[in-house]
Amino acid sequence: MSRYALIVLIVVVVAANLCEASDCGPNRVYKSCGTGCPETCENPDPDCDRACHQGCFCSKGLLQDIDGNCISPDKCP
């Protein structure tokens with residue numbers, strides 16, 4: 001019975017991670033090890049710790065605006 005429970009647990013964890021990755025929204029990508037200091041219009045080159053943070057981040061080359069949207073740097077106010 002414990003082997004069955006382990007298989008179910010693995011399937012649930014994998015499914016949860018796949019759901020998170022698809023819920024990022026436009027111009028965002030899911031990373032299992034991203035920065036805790038996102039690149040923003042206000043701070044495009046943040047100095048941050050190297051700790052891994054899991055979640056959705058702006059796609060490469062985009063910055064996060066004040067509303068949390070990912071935009072190209074030339075669109076920053």
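Glycine is no exception: its Cβ is also placed from the backbone N, Cα and C atoms.
What you see is a predicted model, and the numbers here were worked out from it, not measured in a lab.
Now, the feature entries from Swiss-Prot:
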SIGNAL    1-21  signal peptide
DISULFID  Cys24-Cys56  disulfide bond
DOMAIN    24-76  domain 'TIL'
DISULFID  Cys33-Cys52  disulfide bond
DISULFID  Cys37-Cys48  disulfide bond
DISULFID  Cys41-Cys76  disulfide bond
DISULFID  Cys58-Cys70  disulfide bond
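Overlay of Swiss-Prot feature records on the structure.
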residue: Cys24; record: disulfide bond; contacts (Cβ under 8 Å, 6+ apart): Tyr30, Cys56
residue: Cys33; record: disulfide bond; contacts (Cβ under 8 Å, 6+ apart): Cys52, His53, Gln54
residue: Cys37; record: disulfide bond; contacts (Cβ under 8 Å, 6+ apart): Asn43, Pro46, Asp47, Cys48, Asp49
residue: Cys41; record: disulfide bond; contacts (Cβ under 8 Å, 6+ apart): Leu63, Gln64, Asp65, Ile66, Ile71, Pro73, Cys76, Pro77
residue: Cys58; record: disulfide bond; contacts (Cβ under 8 Å, 6+ apart): Asn27, Arg28, Val29, Pro38, Glu39, Gln64, Cys70
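Here the domain 'TIL' (24-76) has a mean pLDDT of 93 out of 100. The residues of the domain 'TIL' (24-76), classed with DSSP into helix (H, G, I), strand (E, B) and coil, number 3 helix, 18 strand, 32 coil.
Within 10 Å of the C-beta atom of Cys56 (disulfide bond) sit 18 other C-beta atoms, taking all shown protein chains into account.
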